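In TrEMBL this protein carries:
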DOMAIN    74-223  domain 'HPP transmembrane region'
TRANSMEM  109-129  transmembrane segment
TRANSMEM  135-153  transmembrane segment
TRANSMEM  160-178  transmembrane segment
TRANSMEM  198-222  transmembrane segment
Amino acid sequence: MCSAIGIACSGSGLTSSFSPHASFSLINPNLFTLRYSGTRRRRKPHGIVVASSDVASPSPSLWDDWKPLKSSSTPSLSDILWPSAGAFAAMAILGKMDHILAPKGLSMTIAPLGAVSAVLFTTPSAPAARKYNMFMAQIGCAAIGVVAFTLFGPGWLARSAALSACMAYMIFTGTIHPPAASLPLLFIDGVKLHHLNFWYALFPGAAGCILLSLIQEVVAYLKQNVKF
């Protein structure tokens with residue numbers, strides 16, 4: 001009867017092949033196994049079915065991080081131009097503000113704001129670009145830098161303690177914003193900023209982010225409505 005329906009009996013098991021992609025095997029009367037296109041389904045007593053994959057998903061290669069991401073489409077000219085124009089406008093306005101603040105020995109053009117511009121203008125939907133994350137991280141990390149400098153003075157210990165504390169702060173509060181991590185280092189090594197003391201938590205980092213947020217809204221509008 002086994003041969004009549006295309007099933008070959010062998011020893012203690014029963015095996016059938018209906019197609020190149022499907023096969024059945026019965027090794028135990030209480031265990032029924034179906035293999036189909038790399039997926040195995042086991043039917044156990046009491047009607048319980050368990051599915052498992054015969055082919056494990058390939059793990060990422062060690063060199064994958066060194067390769068460019070494959071994009072399905074090339075960005076349009078407007079998608080390139082408007083963020084670049086926004087960055088130019090941001091640095092130009094901050095530079096103009098530097099001339100106004102120069103008599104007081106203050107500057108708005110600081111390196112962390114360049115990193116903030118890159119985050120806001122190129123990846124506006126990323127978690128790091130959320131306004132809440134940005135301002136919480138900017139204010140908190142800047143204050144941590146002031147505390148670290150007050151406790152340890154200038155040097156490697158203050159920088160190390162400040163940076164590790166910033167990591168803990170952003171993870172604990174869920175406000176990951178990478179550019180903010182450079183604010184403590186800037187304060188510790190920047191002698192001209194020491195006189196700001198805890199005002200540094202608001203200026204120039206958080207104050208500059210207000211301007212960048214306004215420019216980001218303009219960039220987002222132009223990207224959405226002026227395409228070429």
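From the backbone N, Cα and C atoms, a Cβ is placed for every residue, glycine too.
Unlike curated entries, TrEMBL annotations are predicted automatically.
Under 8 Å from some Cβ of the transmembrane segment (160-178) lie the Cβ atoms of residues 115, 119, 127-128, 132-134, 136-138, 140-141, 144-145, 147-149, 151-152, 184-185, 188, all in the same chain and six or more residues away from its ends. Per-class residue totals from DSSP over the domain 'HPP transmembrane region' (74-223), listed helix then strand then coil: 125 helix, 0 strand, 25 coil.
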